[in-house]
(Lines of atoms letter the chains of each structure in order from A and count residues from 1; the text may use other names and numbers.)
(Lines give C-alpha, C1' and ligand atoms only; values in the text may rest on other atoms or scores of the structure.)
Protein backbone atom coordinates (compact mmCIF):
# COMPACT_ATOMS: atom_id res chain seq x y z
CA UNK A 1 0.00 0.00 0.00
CA UNK A 2 1.30 3.44 -0.93
CA UNK A 3 0.80 6.14 1.66
CA UNK A 4 3.28 8.93 1.10
CA UNK A 5 5.80 9.70 -1.61
CA UNK A 6 8.27 10.94 0.99
CA UNK A 7 8.98 7.25 1.60
CA UNK A 8 11.22 7.52 -1.46
CA UNK A 9 13.77 9.48 0.60
CA UNK A 10 14.18 6.34 2.70
CA UNK A 11 13.79 4.25 -0.40
CA UNK A 12 10.87 1.87 -0.36
CA UNK A 13 12.80 -0.82 -2.21
CA UNK A 14 16.07 -0.41 -0.29
CA UNK A 15 19.52 0.46 -1.65
CA UNK A 16 20.72 -2.69 -3.41
CA UNK A 17 18.37 -4.54 -5.71
CA UNK A 18 19.81 -7.52 -7.53
CA UNK A 19 18.63 -7.96 -11.12
CA UNK A 20 18.61 -11.72 -10.73
CA UNK A 21 19.46 -14.17 -13.48
CA UNK A 22 16.91 -16.82 -14.36
CA UNK A 23 18.46 -20.25 -13.78
CA UNK A 24 17.83 -22.89 -16.42
CA UNK A 25 18.25 -26.64 -16.30
CA UNK A 26 20.40 -28.55 -18.78
CA UNK A 27 17.24 -29.00 -20.86
CA UNK A 28 16.59 -25.27 -20.90
CA UNK A 29 13.64 -25.26 -18.50
CA UNK A 30 13.39 -22.71 -15.70
CA UNK A 31 15.06 -24.15 -12.60
CA UNK A 32 12.68 -22.90 -9.93
CA UNK A 33 14.43 -24.73 -7.09
CA UNK A 34 17.75 -23.11 -7.89
CA UNK A 35 16.05 -19.73 -8.27
CA UNK A 36 14.79 -20.10 -4.70
CA UNK A 37 18.27 -20.96 -3.41
CA UNK A 38 19.92 -18.13 -5.33
CA UNK A 39 17.42 -15.47 -4.27
CA UNK A 40 17.81 -16.41 -0.61
CA UNK A 41 21.60 -16.35 -0.94
CA UNK A 42 21.42 -12.88 -2.47
CA UNK A 43 19.21 -11.60 0.34
CA UNK A 44 21.63 -12.99 2.91
CA UNK A 45 24.58 -11.37 1.13
CA UNK A 46 23.73 -7.71 0.75
CA UNK A 47 20.61 -7.44 -1.39
CA UNK A 48 17.63 -5.52 -0.03
CA UNK A 49 15.45 -6.76 -2.84
CA UNK A 50 15.31 -8.98 -5.89
CA UNK A 51 14.27 -7.91 -9.38
CA UNK A 52 12.89 -10.80 -11.40
CA UNK A 53 12.25 -11.01 -15.13
CA UNK A 54 14.26 -7.98 -16.17
CA UNK A 55 17.05 -7.74 -18.73
CA UNK A 56 19.38 -9.88 -16.63
CA UNK A 57 16.55 -12.34 -16.04
CA UNK A 58 16.13 -12.84 -19.81
CA UNK A 59 12.52 -11.72 -19.81
CA UNK A 60 12.26 -11.67 -23.64
CA UNK A 61 12.74 -15.46 -23.67
CA UNK A 62 10.39 -16.25 -20.77
CA UNK A 63 6.72 -16.93 -21.28
CA UNK A 64 4.26 -14.98 -19.12
CA UNK A 65 3.43 -18.27 -17.37
CA UNK A 66 7.11 -18.90 -16.57
CA UNK A 67 7.49 -15.37 -15.25
CA UNK A 68 4.48 -15.78 -12.98
CA UNK A 69 5.62 -19.18 -11.70
CA UNK A 70 9.12 -17.83 -11.06
CA UNK A 71 7.73 -14.96 -9.01
CA UNK A 72 5.48 -17.25 -6.96
CA UNK A 73 8.38 -19.60 -6.21
CA UNK A 74 10.83 -16.86 -5.20
CA UNK A 75 8.42 -14.61 -3.31
CA UNK A 76 7.04 -17.51 -1.33
CA UNK A 77 10.51 -18.54 -0.16
CA UNK A 78 11.91 -15.19 0.96
CA UNK A 79 11.65 -13.31 4.22
CA UNK A 80 8.91 -10.68 4.01
CA UNK A 81 11.48 -7.91 4.47
CA UNK A 82 13.06 -8.75 1.11
CA UNK A 83 11.33 -6.78 -1.62
CA UNK A 84 10.50 -8.67 -4.80
CA UNK A 85 10.01 -6.51 -7.88
CA UNK A 86 8.79 -8.06 -11.12
CA UNK A 87 9.52 -6.90 -14.65
CA UNK A 88 6.13 -6.31 -16.26
CA UNK A 89 7.13 -4.08 -19.15
CA UNK A 90 6.25 -4.63 -22.78
CA UNK A 91 6.15 -2.66 -26.01
CA UNK A 92 2.44 -3.47 -26.09
CA UNK A 93 0.55 -1.36 -23.56
CA UNK A 94 -2.27 -3.84 -23.04
CA UNK A 95 0.24 -6.63 -22.31
CA UNK A 96 2.11 -4.45 -19.81
CA UNK A 97 -1.16 -3.51 -18.10
CA UNK A 98 -2.23 -7.15 -17.83
CA UNK A 99 1.17 -8.26 -16.50
CA UNK A 100 1.24 -5.44 -13.93
CA UNK A 101 -2.26 -6.26 -12.71
CA UNK A 102 -1.22 -9.90 -12.32
CA UNK A 103 1.91 -8.90 -10.39
CA UNK A 104 -0.21 -6.84 -8.02
CA UNK A 105 -2.79 -9.58 -7.55
CA UNK A 106 0.00 -12.09 -6.87
CA UNK A 107 1.56 -10.01 -4.09
CA UNK A 108 4.54 -8.35 -5.75
CA UNK A 109 6.22 -5.53 -3.83
CA UNK A 110 6.69 -3.54 -7.01
CA UNK A 111 6.91 -3.66 -10.78
CA UNK A 112 9.76 -2.66 -13.07
CA UNK A 113 8.29 -1.19 -16.26
CA UNK A 114 10.70 -0.67 -19.12
CA UNK A 115 10.33 1.98 -21.80
CA UNK A 116 8.66 0.33 -24.82
CA UNK A 117 11.30 -1.04 -27.17
CA UNK A 118 11.51 -1.23 -30.97
CA UNK A 119 8.37 0.81 -31.76
CA UNK A 120 10.02 4.04 -30.43
CA UNK A 121 6.96 5.99 -29.20
CA UNK A 122 7.12 9.79 -28.82
CA UNK A 123 6.99 11.31 -25.34
CA UNK A 124 3.19 11.66 -25.51
CA UNK A 125 2.94 7.95 -26.27
CA UNK A 126 5.27 7.12 -23.38
CA UNK A 127 3.14 9.20 -21.03
CA UNK A 128 -0.04 7.42 -22.09
CA UNK A 129 1.66 4.02 -21.88
CA UNK A 130 2.91 4.48 -18.33
CA UNK A 131 -0.30 6.24 -17.28
CA UNK A 132 -2.30 3.19 -18.32
CA UNK A 133 -0.01 0.93 -16.31
CA UNK A 134 -0.14 3.18 -13.25
CA UNK A 135 -3.94 3.31 -13.33
CA UNK A 136 -4.20 -0.47 -13.67
CA UNK A 137 -2.63 -1.22 -10.27
CA UNK A 138 -2.92 1.95 -8.19
CA UNK A 139 -1.49 0.44 -5.00
CA UNK A 140 1.53 -1.23 -6.62
CA UNK A 141 4.75 0.83 -6.51
CA UNK A 142 6.25 1.22 -9.98
CA UNK A 143 9.85 1.68 -11.02
CA UNK A 144 10.24 3.20 -14.47
CA UNK A 145 13.15 1.76 -16.45
CA UNK A 146 14.98 3.99 -18.90
CA UNK A 147 17.58 2.15 -20.98
CA UNK A 148 17.74 3.85 -24.39
CA UNK A 149 20.70 1.77 -25.52
CA UNK A 150 18.42 -1.26 -25.63
CA UNK A 151 15.03 0.30 -26.34
CA UNK A 152 16.01 2.94 -28.89
CA UNK A 153 13.83 5.41 -27.00
CA UNK A 154 14.69 7.87 -24.21
CA UNK A 155 12.22 8.73 -21.44
CA UNK A 156 12.78 12.45 -20.79
CA UNK A 157 12.74 14.02 -17.30
CA UNK A 158 9.81 16.29 -18.22
CA UNK A 159 7.73 13.21 -19.01
CA UNK A 160 8.80 11.55 -15.75
CA UNK A 161 7.70 14.68 -13.87
CA UNK A 162 4.24 14.48 -15.44
CA UNK A 163 4.01 10.81 -14.55
CA UNK A 164 4.72 11.58 -10.90
CA UNK A 165 1.13 12.81 -10.64
CA UNK A 166 0.39 9.10 -10.15
CA UNK A 167 1.01 8.20 -6.52
CA UNK A 168 2.46 4.79 -7.36
CA UNK A 169 5.23 6.06 -9.66
CA UNK A 170 7.95 6.25 -7.05
CA UNK A 171 11.28 5.50 -8.67
CA UNK A 172 13.28 5.09 -11.84
CA UNK A 173 16.13 2.84 -12.92
CA UNK A 174 18.42 5.21 -14.80
CA UNK A 175 20.42 3.16 -17.29
CA UNK A 176 21.27 5.64 -20.02
CA UNK A 177 24.94 5.54 -19.04
CA UNK A 178 24.87 9.29 -18.37
CA UNK A 179 25.62 10.51 -14.84
CA UNK A 180 23.92 13.79 -15.67
CA UNK A 181 20.65 11.90 -16.09
CA UNK A 182 20.41 11.79 -12.28
CA UNK A 183 21.04 15.53 -12.01
CA UNK A 184 18.44 16.29 -14.67
CA UNK A 185 15.85 14.05 -13.01
CA UNK A 186 16.43 15.56 -9.58
CA UNK A 187 16.33 19.11 -10.94
CA UNK A 188 12.95 18.53 -12.57
CA UNK A 189 11.36 15.85 -10.36
CA UNK A 190 12.81 16.72 -6.96
CA UNK A 191 13.82 14.35 -4.19
CA UNK A 192 10.44 12.58 -4.14
CA UNK A 193 11.64 10.42 -7.04
CA UNK A 194 14.07 7.69 -6.02
CA UNK A 195 16.71 7.32 -8.73
CA UNK A 196 18.56 4.01 -8.94
CA UNK A 197 21.70 3.55 -10.99
CA UNK A 198 21.21 0.91 -13.65
CA UNK A 199 24.96 0.45 -14.01
CA UNK A 200 27.24 -0.88 -11.25
CA UNK A 201 30.23 1.08 -12.53
CA UNK A 202 28.29 4.35 -12.19
CA UNK A 203 26.86 3.68 -8.73
CA UNK A 204 29.33 5.78 -6.75
CA UNK A 205 29.31 8.74 -9.17
CA UNK A 206 25.51 8.63 -9.25
CA UNK A 207 25.31 8.51 -5.45
CA UNK A 208 27.32 11.72 -5.41
CA UNK A 209 24.63 13.52 -7.43
CA UNK A 210 21.61 12.11 -5.63
CA UNK A 211 20.92 8.50 -6.60
CA UNK A 212 19.65 6.33 -3.74
CA UNK A 213 20.97 2.94 -4.78
CA UNK A 214 21.49 0.49 -7.61
CA UNK A 215 19.73 -2.21 -9.59
CA UNK A 216 22.79 -4.38 -9.75
CA UNK A 217 24.24 -7.28 -11.68
CA UNK A 218 27.51 -7.43 -9.73
CA UNK A 219 25.64 -7.94 -6.45
CA UNK A 220 25.27 -11.60 -7.42
CA UNK A 221 28.96 -11.78 -6.50
CA UNK A 222 29.87 -8.75 -4.35
CA UNK A 223 26.67 -7.65 -2.66
CA UNK A 224 28.29 -7.11 0.73
CA UNK A 225 31.04 -4.98 -0.80
CA UNK A 226 28.45 -2.84 -2.57
CA UNK A 227 26.53 -2.45 0.68
CA UNK A 228 29.73 -1.32 2.41
CA UNK A 229 30.45 1.15 -0.40
CA UNK A 230 27.03 2.74 -0.11
CA UNK A 231 27.20 2.85 3.70
CA UNK A 232 30.68 4.37 3.57
CA UNK A 233 29.55 7.07 1.17
CA UNK A 234 26.48 7.90 3.23
CA UNK A 235 28.46 8.10 6.46
CA UNK A 236 31.05 10.45 4.97
CA UNK A 237 33.82 7.88 4.52
CA UNK A 238 34.20 8.78 0.88
CA UNK A 239 37.79 7.56 0.57
CA UNK A 240 36.73 4.07 1.65
CA UNK A 241 33.81 4.13 -0.77
CA UNK A 242 36.17 5.18 -3.54
CA UNK A 243 38.63 2.40 -2.69
CA UNK A 244 35.85 -0.21 -2.99
CA UNK A 245 34.63 1.37 -6.23
CA UNK A 246 38.11 1.22 -7.73
CA UNK A 247 38.72 -2.36 -6.59
CA UNK A 248 35.49 -3.56 -8.17
CA UNK A 249 35.86 -1.72 -11.48
CA UNK A 250 37.55 -4.65 -13.29
CA UNK A 251 34.62 -6.86 -12.30
CA UNK A 252 32.05 -4.27 -13.36
CA UNK A 253 33.76 -4.01 -16.74
CA UNK A 254 34.09 -7.79 -17.16
CA UNK A 255 30.39 -8.35 -16.52
CA UNK A 256 29.69 -6.31 -19.64
CA UNK A 257 32.48 -7.66 -21.87
CA UNK A 258 29.62 -8.93 -24.01
CA UNK A 259 25.85 -8.82 -23.82
CA UNK A 260 24.34 -9.06 -20.33
CA UNK A 261 23.53 -11.61 -18.85
CA UNK A 262 26.03 -13.82 -20.67
CA UNK A 263 29.04 -12.86 -18.47
CA UNK A 264 27.21 -12.97 -15.12
CA UNK A 265 25.86 -16.43 -15.88
CA UNK A 266 29.41 -17.58 -16.63
CA UNK A 267 30.70 -15.86 -13.49
CA UNK A 268 28.10 -17.62 -11.37
CA UNK A 269 29.07 -20.94 -12.92
CA UNK A 270 32.72 -20.24 -12.07
CA UNK A 271 31.59 -19.42 -8.53
CA UNK A 272 29.77 -22.71 -8.06
CA UNK A 273 26.26 -21.76 -9.17
CA UNK A 274 25.15 -23.91 -12.11
CA UNK A 275 22.55 -21.47 -13.43
CA UNK A 276 22.73 -22.86 -16.95
CA UNK A 277 23.35 -21.22 -20.29
CA UNK A 278 21.34 -18.27 -21.57
CA UNK A 279 18.42 -19.07 -23.80
CA UNK A 280 18.75 -18.52 -27.53
CA UNK A 281 19.34 -16.12 -29.22
CA UNK A 282 21.94 -15.40 -26.52
CA UNK A 283 24.90 -17.77 -26.44
CA UNK A 284 27.33 -18.93 -23.73
CA UNK A 285 30.50 -16.98 -22.99
CA UNK A 286 33.39 -18.09 -25.19
CA UNK A 287 36.46 -19.73 -23.64
CA UNK A 288 38.80 -16.76 -24.06
CA UNK A 289 36.39 -14.43 -22.28
CA UNK A 290 35.74 -17.05 -19.61
CA UNK A 291 39.48 -17.19 -18.87
CA UNK A 292 39.58 -13.40 -18.51
CA UNK A 293 36.58 -13.50 -16.22
CA UNK A 294 38.07 -16.28 -14.11
CA UNK A 295 41.25 -14.26 -13.61
CA UNK A 296 39.27 -11.25 -12.42
CA UNK A 297 37.13 -13.32 -10.06
CA UNK A 298 40.24 -14.90 -8.54
CA UNK A 299 41.74 -11.45 -7.94
CA UNK A 300 38.82 -10.19 -5.85
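From the backbone N, Cα and C atoms, a Cβ is placed for every residue, glycine too.
Since we're looking at a predicted model, the values are computed, not measured.
Taken from Swiss-Prot as is:
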type: SITE; residues: 55; note: site 'Part of a proton relay during catalysis'
type: BINDING; residues: 56, 215; note: pyruvate binding site
type: SITE; residues: 118; note: site 'Part of a proton relay during catalysis'
type: ACT_SITE; residues: 145; note: active site, proton donor/acceptor
type: ACT_SITE; residues: 173; note: active site, schiff-base intermediate with substrate
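Listed recorded positions: 118, 145; maximum Cβ neighbour count within 10 Å falls on 145. For residue 173 (active site, schiff-base intermediate with substrate), applying a Cβ distance below 8 Å and a minimum sequence separation of six or more within one chain yields 112, 143, 144, 145, 146, 147, 196, 197, 198, 215. It is 15 Å from the Cα atom of residue 55 (site 'Part of a proton relay during catalysis') to that of residue 118 (site 'Part of a proton relay during catalysis'). Each residue contributes its Cα atom, and for residue 118 (site 'Part of a proton relay during catalysis') and residue 56 (pyruvate binding site) these two points are 19 Å apart. Every protein chain considered, the tally of other Cβ atoms within 10 Å of the Cβ of residue 215 (pyruvate binding site) stands at 29.
The Cβ of residue 56 (pyruvate binding site) lies under 8 Å from the Cβ of 19, 20, 21, 217, 260, 261, 264, each of which sits 6+ residues away along the same chain. Around the Cβ of residue 55 (site 'Part of a proton relay during catalysis'), 23 further Cβ atoms fall within 10 Å across all displayed protein chains.
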